[in-house]
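Engineer: Please find one structure pasted underneath; my questions will follow.
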Protein chains: 2
Amino acid sequence: MPLSSEERILECLSGYFSKRHPSLALGRGDDCALLENTPRLCTSSDLFLEDVHFRRAYFTPEDVGYKALAVNISDLAACGARPLAFSLCLGLPPDISMSWLEAFFSGMSVLADAHNMALAGGDLSRCRSLHISITVWGQCGDGFLKRGTSLPGDAIFLIGAVGLARIGLSMLETLGRKALEDWPAACAAHLRPKVRTEAGLALAKAARPPSLMDVSDGLARDLPRLLHADNRHFGADIALPEDSLHPELLRYAGMYAKNPAQEAVIGGEDYALLGSCPQETLRALAIPGLCRIGTVTETSEIVCNGNSLESIGFDHFASQLPTSESRSGTQ
Amino acid sequence: MPLSSEERILECLSGYFSKRHPSLALGRGDDCALLENTPRLCTSSDLFLEDVHFRRAYFTPEDVGYKALAVNISDLAACGARPLAFSLCLGLPPDISMSWLEAFFSGMSVLADAHNMALAGGDLSRCRSLHISITVWGQCGDGFLKRGTSLPGDAIFLIGAVGLARIGLSMLETLGRKALEDWPAACAAHLRPKVRTEAGLALAKAARPPSLMDVSDGLARDLPRLLHADNRHFGADIALPEDSLHPELLRYAGMYAKNPAQEAVIGGEDYALLGSCPQETLRALAIPGLCRIGTVTETSEIVCNGNSLESIGFDHFASQLPTSESRSGTQ
């Protein structure tokens, strides 16, 4: 079914997203949305672009809608905020059908509903490739969880697996959706990353709020960002023994003769939460799925399993999503 | 100069946009920006895409930066809000140089500085074509200026010319930047639309706040949107005599044997403010540049210069930016 008009798309969208929400005094349909007065608002924006962040070859439209919103909500979780609403900018190429869009909105609304989030506005345009840009906002409690508040001696922790999404990406690039059969967890980590909102909210209740971020570019690249404050570069001594890594990551490392810990630290887009705080805080909070991986140190060096770790990771302008030309290079 | 890394781009950007702002408790650099508590926040998002909304052939990078932000601020003006901050998502194709980006940030910062707006965050990615997506937020006073609050007998007014930007687009498509010589006002209307923040703020002070919007899709398409409320479709009787239209529009209509009023009502992207309120309110407010063009009527019909006006205008999925193939059709 061809896209005939903005009005038809908006009508389809309105079947999945309510205009009313307790956080909105006025929702979609005017030049601006008007927010209800809400203290301690925080906001984040992320791009989700075809052939950069996802491929239609192996993302269902529901997956695209889900992940586009998930990567944004993850930023709220990383600050200990409760999601409230979002705006959605959509650039649509001519080959996107109304049924594709309907499935896309459906996948997105599942996650929005799970977090009781409103779609407050946005924009639509034709575009050469499928382009999604989202701004989310949410409400912090007393503790806004920043990066850069770590202190030497703090426990470093992860909530969620790392390195798995990159393996899912690699397998999906090679095998398409057939990869889901042998690599279900890795593919799910890439297609439908878990959003750790409840963990973020629980961490925000700590007496001394943890330093926290989500791991989007890989532990090797993101851990120094967590530990860096204005004039300080603390280091870390972390351990990633094999029994702490996901069985699919271990299987992948075995098949391709890779170091499992290396695979775990370079893989991005897992959206695990990475943080640091005193060990006694962790004990008091008892967050499900939280795993201590090491300790903040005085030096700026990052040591993993006893070896110094160079800052290697993912830069959108240096490294790229594997394409068919470079596919063999990703394994 | 090739784009080597996200870090270099962020460093360049930080030369133009301060991280600190009275409306931000925490600015760029973390997973979220944290806003200072501000009552009556409103927000809007707009796409600004290469070869859909602009062409690099005749937009300087400064123009692109300026207009991408201007079309967003215009939405705040249309609600009577004072701009506070924005987030910027940038998709960059490989042929964008650091010097292009620097000029782009420079053009954008001129407008941001003029409105004392902060750049609160955003995202960067490589992309097939140049893609800009902005979310702005601002603060309303007591009066949030909505659409759909018109009443029969209200005066309908415009602040700013209409139809001019479409002529600028057409001439720029045909002649490139040489069009600036003979069509300076029309080209400026397309390249650097005026943002009418002060007029919006002044209108918001009215005892009965006007119904207001900005004209992005053309008067013919936008006036019914202004007049439409939940269960009501009011009409309008407007007059656009030749002496109310811009001399370049009249010259264009003469050269191409067009009806000047028709050209005025179908042209989009002028970002004039269009509103309605009691005539005595207009007299009391005395807004510079405000021009009364007609009266709200009980029927749903829109009459212009004595003739009924079909709703014709611009739909991104029905009508398109003229391309070289369809260039002759735009004149």
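Cβ coordinates are placed from backbone N, Cα and C, and glycine is handled just like the others.
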Engineer: For the Mg(2+) 4 site that TrEMBL gives with B:Asp31, B:Ser44, which of B:Asp63, B:Asp75, B:Asp95 also belongs there?
Structural biologist: B:Asp75
Engineer: Which whole number is the mean pLDDT over the domain 'PurM-like N-terminal' (B:29-139)?
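Structural biologist: That stretch averages a pLDDT of 97.
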Engineer: Want to know which binding-site residues, from B:Asp31, B:Ser45, B:Glu269, are within 10 Å of B:Ser216 (ATP binding site) at Cα; which are they?
Structural biologist: B:Glu269
Engineer: Nearest of the binding-site residues to B:Asp31 (Mg(2+) 3 binding site) by CA-CA distance, picking from B:Asp46, B:His53, B:Arg147?
Structural biologist: B:Asp46
Engineer: Cβ within less than 8 Å of a chain A Cβ is the test here; which of the binding-site residues B:Arg147, B:Ser216, B:Asp217, B:Glu269 meet it?
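Structural biologist: The binding-site residues close to chain A are B:Arg147.
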Engineer: Provide, as an integer number of angstrom, the distance between the C-alpha atoms of B:His53 (substrate binding site) and B:Asp123 (Mg(2+) 1 binding site).
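Structural biologist: Cα of B:His53 (substrate binding site) to Cα of B:Asp123 (Mg(2+) 1 binding site) measures 20 Å after rounding.
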Engineer: Using a 10 Å radius around its CB, how many other CB atoms surround B:Ser44 (Mg(2+) 4 binding site)?
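Structural biologist: 28, counting other Cβ atoms within 10 Å of B:Ser44 (Mg(2+) 4 binding site).
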Engineer: Around B:Asp123 (Mg(2+) 1 binding site), how many other CB atoms lie within 10 A of its CB?
Structural biologist: 24
Engineer: Just to verify a number: CA distance, B:Ser44 (Mg(2+) 4 binding site) to B:Arg147 (ATP binding site), in angstrom, no decimals.
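Structural biologist: With distance taken Cα to Cα, B:Arg147 (ATP binding site) is 15 Å from B:Ser44 (Mg(2+) 4 binding site).
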